[in-house]
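Peer 1: Have a look at the structure that comes next, please.
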């Protein structure tokens, strides 16, 4: 029996997932999954958990579910309140509407460009395509990444503006942070303590939102000032 401090074994699907193998679970929005193991040695891959749904045991991507306690009682099975699950509406942008400027960053997702879209300054995260991976899988990965960003609503988190899903130009169009990297702002400048504290508080609020308040909790594994 689980103690009061034990992690909840029931998680709610916030994305839909179609099983690609017999060992995988198909998830539908609102499905309640009993998590049996979070050990990658059991599931066979990092980021995958083992669970039970509709009396069937299988593995599923862990970032498609959120703790059941994150939803109110009206969102339990049988509930009819549509506000339980926020609508995820992705704005698909024609890549031809973007004007790319210089590269401003490189990350695990791919290169990031400063760009302009219908007169607005934006940041474009171009997805890196693995030549050994089917392009349809890359498109789906970009779509799911966009859905995740679309669910984040906080003044200290960069917002998603739209997504390009037509190959070969697969990318996320994001809000542009005009101030640039924090380490460049701090370099060689004397900044008043009250401003530094204000910046630190804003960063902490953004991280707290991602970790504890977002619909799908996200652990930021690469927080840095550059």
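In case you wondered, yes, glycine gets a Cβ from its N, Cα and C as well.
TrEMBL lists these features:
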| type | residues | note |
| --- | --- | --- |
| DOMAIN | 6-70 | domain 'SH3' |
| DOMAIN | 98-226 | domain 'Protein kinase' |
| BINDING | 125 | ATP binding site |
Peer 1: Using DSSP, what's the helix, strand and coil tally for the domain 'Protein kinase' (98-226)?
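Peer 2: For that range the per-state counts are 42 helix, 33 strand, 54 coil.
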Peer 1: Let's check the environment of the residue listed as 'ATP binding site': how many other CB atoms sit within 10 Å of its CB?
Peer 2: 23
Peer 1: Report the DSSP secondary-structure composition of the domain 'SH3' (6-70) as helix, strand and coil residue counts.
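Peer 2: DSSP classes over the domain 'SH3' (6-70) add up to 10 helix, 28 strand, 27 coil.
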